[in-house]
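Per TrEMBL, the features are:
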{"type": "DOMAIN", "residues": "1-444", "note": "domain 'Major facilitator superfamily (MFS) profile'"}
{"type": "TRANSMEM", "residues": "7-27", "note": "transmembrane segment"}
{"type": "TRANSMEM", "residues": "47-67", "note": "transmembrane segment"}
{"type": "TRANSMEM", "residues": "74-92", "note": "transmembrane segment"}
{"type": "TRANSMEM", "residues": "98-120", "note": "transmembrane segment"}
{"type": "TRANSMEM", "residues": "132-153", "note": "transmembrane segment"}
{"type": "TRANSMEM", "residues": "159-177", "note": "transmembrane segment"}
{"type": "TRANSMEM", "residues": "260-283", "note": "transmembrane segment"}
{"type": "TRANSMEM", "residues": "295-319", "note": "transmembrane segment"}
{"type": "TRANSMEM", "residues": "326-347", "note": "transmembrane segment"}
{"type": "TRANSMEM", "residues": "353-377", "note": "transmembrane segment"}
{"type": "TRANSMEM", "residues": "389-409", "note": "transmembrane segment"}
{"type": "TRANSMEM", "residues": "421-440", "note": "transmembrane segment"}
């Protein structure tokens, strides 16, 4: 299990390094002293900063298909190899067109935010599933920090060669992993699934632990969960293998799946519209106003450090406090931070350092709540028959919402000013807390069949 944690965390770390790399080289590539064959034009600079998001929107639907066809392990390996190819292009090519092509390839790796949490959730025990699943976002944040530091203190070629070596090492780690037992069971490979469970639990294949988990997977693969209670299922000595139905028929048949998907989409929407992405993209002007005597690079590094620390705290709280409570209270806290930031930027009622302080507090509260819970939830609420497709839809919607927020931000700032924009973020935070109070069941430590039964209820009980 430790090997799994290290490997998938390392993959996410390298994804954070690659997707943040343009921020360290943007000024260099557009200057007369560029390391490329010529300076980038204004249009090329815009493409350089945004094409990775477009690539992620393209690769996410493909990843949903590949998760079911190739499996979790080989999907991770495929997209990691694309990342290796991207660093090879950056390392050996000095043409603007090649660098932009490398950004397109690196953006395809963005779907790992879907693949990795799914992989982890299907291997971990329920007692640690939330903490382990949130590792994807924690180490993505560490990758951002590593990218900021390497970009600030290493020479251009040194950073590129270092990152290429680190990415190759990540692929080697993945080769040593075993496939998800859930995926193997869904393909009828029960013996291979038992070997995988034994490998990750550190026990013999004949142990009781393996047999219990195989039985649990058999139950999870039963598509009739909306009609049978867990008690009734336990009375059945065996579960007959049902003919496979299409994903859309499954959606039509399973009300619990539709409810789970609706909640996931709302959480992703509210998380994006809480405004953290805007704070990250426009951190430099915000920090320039807040602490004009400090370097924006140093402020960005501090912000990344706060994000990493809060990511670890969020990984702990998601198991200790639970998904529902954490999302509610963190959203309320983020809303308060946005209210204070909005009035401070709009009215300038306090000293400049107050802006920096509450930006860091906002990073902390957001990362613990909306930056962690939706990713954990999507990885654990869907049945195996629909998990790949449903998770793909949720993550793809997340990318679409991110694009919308970034697209409308500048026109909004021009129309109403930067301060009032934070009032919109505040509203999204408070609405998110209200929605979670009424519609989000607690899923901490529960198996997928029990979670589906919670979503199948006509009215979610507030715990």
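If you go along the chain as it appears here, the first residue is 1 and each next one adds 1.
Backbone N, Cα and C define each Cβ position, glycine as well.
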Segment-segment contact (the transmembrane segment (47-67); the transmembrane segment (98-120)) at 3 or more Cβ pairs under 8 Å: yes
Positions on the same chain near the transmembrane segment (7-27), where near means CB under 8 A and six or more residues out: 45, 48-49, 52, 76, 80, 83, 86-87, 103, 106-107, 109-110, 112-113, 116, 119-120, 135-144, 146-148, 150-152, 156, 159, 163, 166-167, 169-170, 173-174, 176-177, 300
For the transmembrane segment (421-440), distant same-chain residues with Cβ under 8 A (at least six beyond the ends): 263, 266-267, 270-271, 273-275, 278, 323-324, 327-329, 331-332, 334-336, 338-339, 341-342, 345, 370, 377, 409, 412-413, 460, 462
The transmembrane segment (159-177) touching the transmembrane segment (74-92) per 3+ Cβ pairs under 8 Å rule: yes
Segment proximity, the transmembrane segment (159-177) to the transmembrane segment (353-377), 3 or more C-beta pairs under 8 Å: no
Tertiary contacts of the transmembrane segment (326-347) (same chain, 6+ residues out, Cβ under 8 Å): 267, 270, 274-275, 289, 314, 317-318, 354-355, 358-359, 361-362, 365-366, 368-370, 372-373, 417-423, 425-427, 429-430, 432-433, 436-437, 440
Remote residues contacting the transmembrane segment (159-177) - C-beta distance under 8 A, at least 6 residues beyond either end: 3-4, 6-7, 10-11, 14, 17-18, 21, 24, 73, 76-77, 80-81, 83-84, 87-88, 90-91, 150-151
Surrounding residues of the transmembrane segment (260-283) on its own chain - C-beta under 8 Å, 6+ positions past either end: 251, 296, 299-300, 303, 327, 331, 334, 338, 359, 362-363, 366-367, 370-371, 373-374, 377-378, 381-382, 390, 393-395, 397-398, 401-402, 405-406, 409, 421-422, 424-425, 428-429, 431-432, 435-436, 439-440, 451-452, 455
